[in-house]
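Below is one structure, written out as structure tokens, with a few remarks after it.
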Amino acid sequence: MNLVLSRFLAYLHVGLQVALQMFIYPCHLHPQPCHILARIGHTVRLGALLPTRQQSRIQGALNRALVHLRQSGNNFLPYNLSLEVLSREPLNGDPESMFRCVCQDIVVQGVSAVLAFPQSHEELVQVEFMSSFLEIPFISIIEQGEPLKTQNRFHLQMMTRTPPSGLSELLLAVLLKGGWQGGAAILCPGGGNTGMLEELEQRGHLGLNGAHWHLWETLNLSRLEENLSEDKVMELLLQLLGRTPSAPASSVVLFGSDPECTARVLHRAHQLSIALPPMHWIMGYPLSLDSLHSIGSPLGLLAYGEVNRKPLNFYIRDTLQLIGRAVYAATMVRPDLALIQNMVNCFDKPNKHELPSSGQYLARFLWNTSFTGLTGPVRVQRSLSRVLTSQRFHIWSLQRDPLGQPSWVTVASWQSSRLELEEQVLWPGMTQHHWEDGPEIRPGGRWQAGLPVAGSRVRVVTLVEHPFVFTREVDEEGQCPAGQLCLDPQTNSSEVLNQLFKELEQTNSSSLPNYMRKCCYGYCIDLLEKLAEDMHFQFDLYIVGDGKYGAWKGGRWTGLVGDLLSGKADMAVTSFSINSARSRVIDFTSPFFSTSLGILVRSKDTAAPIGAFMWPLHWSMWVGIFVALHITALFITLYEWNSPFGMTPHGRNRIRVFSYSSALNLCYAILFGRTVASKTPKCWTGRFLMNLWAIFCLLVLSSYTANLAAVMVGEKTFEEVSGIHDVKLHHSSLGFRFGTVRESSAEDYVKKSFPEMHEYMRRFNKPTTPDGVSTLKTDPPQLDAFIMDKALLDYEVSIDADCKLLTVGKPFAIEGYGIGLPQNSPLTRNVSEYVSRYKSEGYMDILHDKWYKVVPCGKRVFAVTETLQMGIQHFSGLFVLLCVGVAGALLTLLGEHTFFRFILPHLRHQQRFKYWLHTSQKIHRALNMGCDDERKSEFESSDRCPTLCLSENCNLHRLPPPTSSPPPSTSSTSPSTSTTKWNNQRAKVGREAKEHNKRVHFNLETLNSYQLQAPPTGPERGRRGLVGSPPTQLCSNGGPNPSLSLVLSPPACSGLSTPWEEELRELQGRIEEFRGQLRAALARRAELQRTLDRQRLSQSQTSSASNPTTTTTNTNTLTKDINKGR
């Protein structure tokens, strides 16, 4: 039982530990530790300990590195932290001054690491001591001397130059590769030769891969007098070589940097090489390319030197990147230890038994950081505490060129402790006797493999492809004032080519026809001229006969590849894509141009869709505008009806009424800027909201107008293909026509990746890129798309005058252009080095800017006026919208008739839904003002006079008291006459009493309707105001207008007598009298109502109860006056 319990507890303990590691500790990984960042001021500080010597040079390199770091914007620190470097210089180079400078000026600033630049072994030892004591990461950038052999994790050493131990390792590898078992050493003054020779001797005894090299004799010329004569040198050399074992197993290593001493020794060695057995001479000290040209003997001399040497600021930038990456990784785990430095006092170190210090914590991450920087792969070698960088050395051999002059040739390279041979035929020790047995060539003749290229003529094949290679005709004399003369033999025959170039070399080459002479120029021609200038060779240029890049066809290679394989050409310079199939049979240099495959289509001027006029605004914006319009109209209506000054029946005795329909009419008028008659609100709130709506409409319509032309004209292109995976390309049944250049890398890619697509597109392939592009420009186009290198397609798009070409889709099949050479050509590595140098120096960028910076769509400026003209197709949607509006108006008219015939009669028989004045005045008028329909029998009689509904109404007045009788009706003698009354007269007494308390009432009350029936006779039929004219009723905004005169002429029926005319005149006079009295009564009532409102505001609540009595008395008095008048 105890055993089971103990195991359970052990497992529980392990599980808790795992849980803590997985869940608890990661909780500390705050995405952004704000309190820590605020504490350090969002800055990571580094120290820089400058040397006392050459301070300005190192400070300048440090400043350049920091400037580049700020410009790039990437210091590899987390949370957008900034990097601050504190540069300090000790007063003297003694240990006390250096320690005081570090403690008082650097450590107190809370630095994460320190950069040191020791200039001597003593300073390096001092940095080693301080780093061990302070436990702060120090990185020493050493420019000379040997690094310390230590395992201090707080001190990392970065070498900017290969130390003597590394050079001795290089020398030993070269000596052993040549098969030399031993040799002598000659020491000239300068260069610290003693230490390097000791390293070489020790390593030679230890051996390399089982081979050993022994130092047999040593001649130290640095100990002799300075002005040493050449005779004395000759004597010493004879003695040395006499004691040294004979060749071929011996060699002589010459150390020293004194050029005079070196020149004297080599000169005498060349003289002795005739009488003595040949000795293999090797320069023991690294030389530069410039110093090599001063050495011209003896032949077979081997020398080495560092190439592509990086400046000091490159190493500083890599050091800053190393620290930044380490700080970033450490911050992701423990930001408190990585960012906050607990070592800020040299005399108060933190307790080692507590948590690890920030220096210890950061040092662990520095040891595990590696990346590829400006100096090559950067990593930390823990066993020696070194930051390893990459230095590259070339080994050169002095040989004789075709002209018989000494020439240096690269035979091997050394990098990362590895020796790679360049040209096997020249290794290990080809001397003058070897060249005498070699092939004979005439000076300036065609270059052959195994011979130096300097001074030779290299045959170059090219292919016309814009902008890499252009051609133009020669002048009248058959020469090229600009560009390079190239032949266009239009054949692949080697005999014909040799004959043509033989004729071209003659002084009088007029026999060569001008149609074969071309002037070649372009991107690749400029690159070829630069290579010829730097490598000191000449070239014969011709255009490939079949005009193809090269593919395996019919059991052989065609095009450029075929010419290289058959030996017709030594080099192929054009837009030559590097792919796997070609790389198996020929060599390529490093790429000089990076590109990919692209798809070229033709831009089409498509017809504008119906809704083109709505493109300037998104559909959501259109919906928002019209929703805002109706909401604004609703609020304007509510404000108007709730204001004492509004255009309503309750506001200031208004004759006209502002309804929701009026608000909609106003808002639409403001939105579309139409000047039509519309009612405007009278209250201030409504007017303010109306002005805000006007501002809104102004801004919206201004944006719409500004974008309308740009949107309609800008959307003129249509991309047919979305990319290489488009459905049109993979389904031949769709009939989409596309192709590429025959036997090109594009065709090879499609053939391997999409076999079915390749089978379909073979019929559409074209011989050259210009032919394929021209098929897109025809009307109608012969191809719908063309696949080729994007570098070529981009140039075709840029020079298209009509702007009808467009590259579509994402780039695919990334590739590069390289210079093609025969397989295992000795020129491959040298040409690649020059190409890489041109890229690093920016020469390739200059060529790109020269040949690609052309004005795209050059002739487009002449078609601006034509392009900006918009035809009817752009506004077809507006015409459709107008037609829809006409159809909608017809439907609205149908709806009005339906409402009038079916819904309106139903509403008239109900007591509810009678008040429509705030919504529609027409509906309100139709419900409250219509005359009763006559019987159907009366409408069917043919001798009936039309009914004249005469009504005189009061639009604004109070309801009469319940006891008052309706006004007397004036009717004709016909008993069938009926009286129409308003709905509010038939309302209940209680509702009338409730409405009686309102200040202003809108009482739609008619007087009596008169029906004058008489047969129409004579010419007076149809006269205005006579019997027989249409029914006349004078109304205003929902009811009869009392201010309008109802003037009726006596009916002119044939059966009327003279007394009727007199009675009508009398009635008209009485009506005019009533009108005057009614006006006076209305004015009096308005005055009383204003007085009553003022009294109500001034009186208290206790006295407000007596006001209705007074008002009722005044109203009764007014009613009596009116009745008396009647």
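Cβ coordinates come from backbone N, Cα and C, glycine included.
Among the features that TrEMBL reports, L-glutamate binding site is placed at S577, R582, S745, D789. Look at R582 (L-glutamate binding site): DSSP puts it in a helix.
The compositional bias 'Pro residues' annotation in TrEMBL covers 959-969.
Marked as compositional bias 'Polar residues' by TrEMBL: 1030-1039.
Averaged across the domain 'Ionotropic glutamate receptor C-terminal' (503-854), the predicted model reaches a pLDDT of 83. Residues or ranges marked as domain 'Ionotropic glutamate receptor C-terminal' by TrEMBL: 503-854.
Annotation source TrEMBL lists domain 'Ionotropic glutamate receptor L-glutamate and glycine-binding' at 513-566.
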CB neighbours of D789 (L-glutamate binding site) within 10 A?
26
For L-glutamate: widest Cα to Cα gap among S577, R582, S745, D789 in Å:
17
Please list residues from the chain of R582 (L-glutamate binding site) whose Cβ is under 8 angstroms from its Cβ, counting only those at least six apart in sequence.
G550, V561, F588, G820
Neighbourhood of the L-glutamate site (S577, R582, S745, D789): other residues with Cβ within 8 Å of the Cβ centroid, in order?
Y549, S575, F576, I578, N579, S744, A746, D748, E815, Y817
For S745 (L-glutamate binding site): intrachain residues, at least 6 apart, with Cβ closer than 8 Å:
Y549, S577, N579, D789, E815
From the DSSP assignment alone, can you count helix, strand and coil residues within the domain 'Ionotropic glutamate receptor L-glutamate and glycine-binding' (513-566)?
24 helix, 15 strand, 15 coil
Tell me the coarse DSSP state (helix, strand, coil) of S745 (L-glutamate binding site).
helix
Taking the Cβ of S577 (L-glutamate binding site) as centre, how many other Cβ atoms lie within 10 Å?
26
